[in-house]
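Report on the following structure.
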Amino acid sequence: MVWGKICWFSQRAGWTVFAESQISLSCSLCLHSGDQEAQNPNLVSQLCGVFLQNETNETIHMQMSMAVGQQALPLNIIAPKAVLVSLCGVLLNGTVFWLLCCGATNPYMVYILHLVAADVIYLCCSAVGFLQVTLLTYHGVVFFIPDFLAILSPFSFEVCLCLLVAISTERCVCVLFPIWYRCHRPKYTSNVVCTLIWGLPFCINIVKSLFLTYWKHVKACVIFLKLSGLFHAILSLVMCVSSLTLLIRFLCCSQQQKATRVYAVVQISAPMFLLWALPLSVAPLITDFKMFVTTSYLISLFLIINSSANPIIYFFVGSLRKKRLKESLRVILQRALADKPEVGRNKKAAGIDPMEQPHSTQHVENLLPREHRVDVET
């Protein structure tokens, strides 16, 4: 079975770069497997990720070398670049985290702060996984990754997905119900939502790890993986609906409502994530092992690029239409995540000078009569 090879490929070798696509592939496998899992003990051990403990390092080294040799070209091209992009992404996201750590003044900054932290975790796990592949491909060196990284990688990916859904949904509520959002929104909603987002995927991945590694219950394993795949599909659908609603609202009411920079950040980040993660929907349709390995590498590389590009989006939106060259990164970042329209810039873009408005102080003073003193000589 293809799944048995993939389970070994990602779990036993410690290649966390395939973790995000295992759930999607398992859903398609369950449609074909039926009740054969209970009749085939070998398939049971492969499906649940239960591996023999008495394998020697030489055997594992030989198996990994054979698996890598089947996809030498994608490894030579993708793995080193993925390591480099991951390290650059860690540096960029780390800078954003440091700038926002003490300056989260609105709900969107709180969400972005947690999103950056999840991106850093995911990029670190991906860098370690691809570094293992690179060393094995070019130098034949094998080192084993701790087991907790196999949980940490999909956990951080799911946190990123949930945070993007929360950001899109909150922005959608803010645009559709502005009065309720400004007056009745609970103050600590962002902190509570972020806490739940970190806790829910953590519990899901812990239970998934128990199903796959210790309990050896195939039926429960299959049901759980189906539910996990459904959970991912629902989150992606909610993000699509929120982004589309924001876009339609902006196109229909662009004259009445002034767009903020954080709106631009949301409208760029959410579709970019969906675009880079789009190949995930293709993975369940692949039955060839070699093709699945190549697709898994590409999916991982795309997700790494997306996580690394988020800070570039923040700084680009924050510095857009600003002619000041000497501005700190903190000011640019705070401007990008500000939830207030820039009145002066919008009026200037419309050809209106704010100082010439009828309600401005200068205009009122010009309308007042001036006093004239006349010195009368006696």
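Just so it is clear, glycine is given a Cβ too, placed from its N, Cα and C backbone atoms.
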Look through Asn54, Asn306 and state which residue has the annotation N-linked glycosylation site in Swiss-Prot. Asn54
Quick check on the record annotations: which of Asn57, Asn93 is tagged N-linked glycosylation site by Swiss-Prot? Asn57
Is it true that Swiss-Prot lists Ile77 and Phe292 in the same topological domain, i.e. on one side of the membrane? yes
Considering every residue in the topological domain 'Extracellular' (1-77), what is the mean pLDDT value? 42
Please give the sequence-distant neighbours of the transmembrane segment (192-207): residues at least 6 beyond its ends with Cβ less than 8 Å from one of its Cβ atoms. 110-111, 114, 151, 154-155, 158-159, 162-163, 166, 186, 224, 228, 231
Can you see whether the transmembrane segment (78-101) and the transmembrane segment (298-317) are touching - at least 3 CB pairs under 8 angstroms, only pairs 6 or more apart in sequence? yes
